[in-house]
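*Asks:* Pasting in a structure now, in structure tokens, and then I'll have a few things to ask.
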Amino acid sequence: MDLLSIKDPAFLKNLSNEELESLSAEIRRFLIETLSESGGHIGPNLGVVELTIALHKEFDSPKDKFLWDVGHQSYVHKLLTGRGKDFATLRQHKGLCGFPKRNESEHDVWETGHSSTSLSGAMGMAAARDLKGTNEYIIPIIGDGALTGGMALEALNHIGHEQKDMIVILNDNEMSIAPNVGAIHSMLGRLRTAGKYQWVKDELEYLFKRIPAVGGKLAATAERIKDSLKYLLVSGMFFEELGFTYLGPVDGHSYDELFENLQYAKKTKGPVLLHVITKKGKGYKPAETDKTGTWHGTGPYKIDTGDFVKPKAAAPSWSSLVSETVRKLAREDERIVAITPAMPVGSKLEGFASEFPERMFDVGIAEQHAATMAAGLATQNMKPFLAIYSTFLQRAYDQVVHDICRQNLNVFIGIDRAGLVGADGETHQGVFDIAFLRHIPNLVLMMPKDENEGQHMVNTAVKYDDGPIAMRFPRGNGLGVKMDKELKTIPIGTWEVLRPGTDAVILTFGTTIPMALAAAEELQKEGRSVRVVNARFIKPLDENMLKEILNEGLPILTIEEAVLQGGFGSSILEFAHEHQSYSPIIDRMGIPDQFIEHGSVAKLLEEIGMTKEDVIRRIRLLTPVKTHKGIGS
């Protein structure tokens, strides 16, 4: 079959199971070949081929609603709904999104990227369906990893209480990105080995009906026996007690089992949970045998060997630099512990976990819990390092405010993937953290210009004993600069002048410093002398240096790879307003008031006007203007 010519999933209705098996194999070959060139979430998608095909054959999308939790496993869904012809553009600028996208297809009814949201969305859709009097099926598909998220458990509780008709597909592959952890994961493990729940339940019901209805103590004893037998023999009682009809576990690669149970679920009133066992990476040995999460999402790779295509002589990643520096310091300070919400591989904490297993806590997809657990550790004079992506820190905002900063606890927050991340798009860009952190009392916020300064900032954060401190660092590799052998501490709230200048000042930090220096070099050729300041402390500001700059009356350009509204540039405007009686000449560059889609970071920066050429253009506009004299002149 020509996968690129598929227009909609209606053709599946006429295929036999044997033909579906052939289609499954063809889709897997297509995914393995295509993703070897572009990269993407190969592991999750290889695992849900049969499940996705079965869902589209049994139900009628888009009338029936599929909600793909997290959404990285939606590639097969995209192929079956007519987007194969655009698959070569996957995760590229203006191309197919790597996650469900409502404006991309009518079959994408729920946008995702973060985990554990599908059940709440499904509850809303089911409530709307019932209010409108329609009869479509609502089918959220959630992984066993996402099920550990608190929001998913809140939704299970509410759905069970409301008894809305809904078919929840639990896609159980024993992993989220890294292997799953926690009591719920252990419970699901017991379910996997317990056999067919519905068969056992039906047999028990038959047995119970044969117990004679008698009065008094004997009747009460019989009821207790029934209840005890249920809990002893039927592991699905967890979901049943929440109000769900539990079906499974089902082989997620068997069409016979999938169709039998989906048809049973369609006839069942109230919420149903169908427990489907799948193999992440199925059909491609390197991905299928992956135990660490390496093949969850990848860059390009060689199909025959499974080797990843890496840039030559790349510097170590920022995640490695930070985690390894923390690991080094942990050898000297037994109070240092590390916490990650299900991202030990992405945060490069495998080495720390191997050396200090008792001081490493992977709490699962539970960012709120991770933040407050860090606070609890800090109250006992421990030194918690909370490794978390910028985009996921959004989910723990209240805990950072209420539990960490309000109590002024010594928690080191390592904000990974800060700034634009590229191909994962809107849901993963790390551009909001400055705006939602800098106004919180007690918190120090900083970002290094390179990996050498980065290791010193990690040391500074670990040695800091006056409250919470956060360090932003980008996705990808460092610049390859020379590294100091001895770690230093950087005075809190101090900036540094990287290049002198007398006509204008650029205040920036982190990833935008090389661009600012390159622009200043070009402008020097035109006779414009531009000072470049490494404003490495976003909070607190270096007030002494900033006052000196304002007193000089020079025009200022702030640059940040983060949202402008409420960001670093805003803090400079606020400071200038509070300390001067006139409006200073200050221009700001940063992320505009919009969600930034997927594409290469370079392409995205070009699109929003954050290139070296844009810096040069803005400085040219600033420098001809006659500047005011500063305070005390």
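Cβ coordinates come from backbone N, Cα and C, glycine included.
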*Asks:* Name the residue, out of His41, His56, His72, that Swiss-Prot lists for the same thiamine diphosphate site as Gly113, His114, Ser115, Gly145, Ala146, Asn173, Tyr284, Glu367, please.
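*Replies:* Among the candidates, Swiss-Prot records only His72 at this thiamine diphosphate site.
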*Asks:* Rounded to the nearest angstrom, how far is the Cα of Asp144 (Mg(2+) binding site) from the Cα of Glu367 (thiamine diphosphate binding site)?
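*Replies:* Just about 16 Å between their Cα atoms.
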*Asks:* Please give me the CB contact count at 10 A for Glu367 (thiamine diphosphate binding site), counting all chains in the structure.
*Replies:* 28
*Asks:* Please report the DSSP secondary structure of His114 (thiamine diphosphate binding site), reduced to three states.
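*Replies:* Where His114 (thiamine diphosphate binding site) sits, the three-state DSSP reduction gives coil.
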*Asks:* Go through His72, His114, the listed binding-site residues, and name the one with the sparsest Cβ surroundings, counting other Cβ atoms within 10 Å.
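*Replies:* Counting other Cβ atoms within 10 Å of each of the binding-site residues His72, His114 gives the minimum at His114.
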*Asks:* Quick one: pull the CA-CA distance for Asn173 (thiamine diphosphate binding site) versus Asp144 (Mg(2+) binding site), whole Å only.
*Replies:* 7
*Asks:* Taking the Cα atoms as reference points, how far is His72 (thiamine diphosphate binding site) from Asp144 (Mg(2+) binding site) in Å?
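*Replies:* One finds 14 Å between the Cα atoms of these residues.
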*Asks:* Rounded to the nearest angstrom, how far is the Cα of His114 (thiamine diphosphate binding site) from the Cα of Asp144 (Mg(2+) binding site)?
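*Replies:* The Cα atom of Asp144 (Mg(2+) binding site) is 14 Å away from the Cα atom of His114 (thiamine diphosphate binding site).
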*Asks:* Around Asp144 (Mg(2+) binding site), how many other C-beta atoms are within 10 angstroms of its C-beta?
*Replies:* 25
*Asks:* What is the Cβ neighbour count of Asn173 (thiamine diphosphate binding site) at a 10 Å cut-off, with all protein chains included?
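*Replies:* Excluding its own Cβ, the number within 10 Å is 22.
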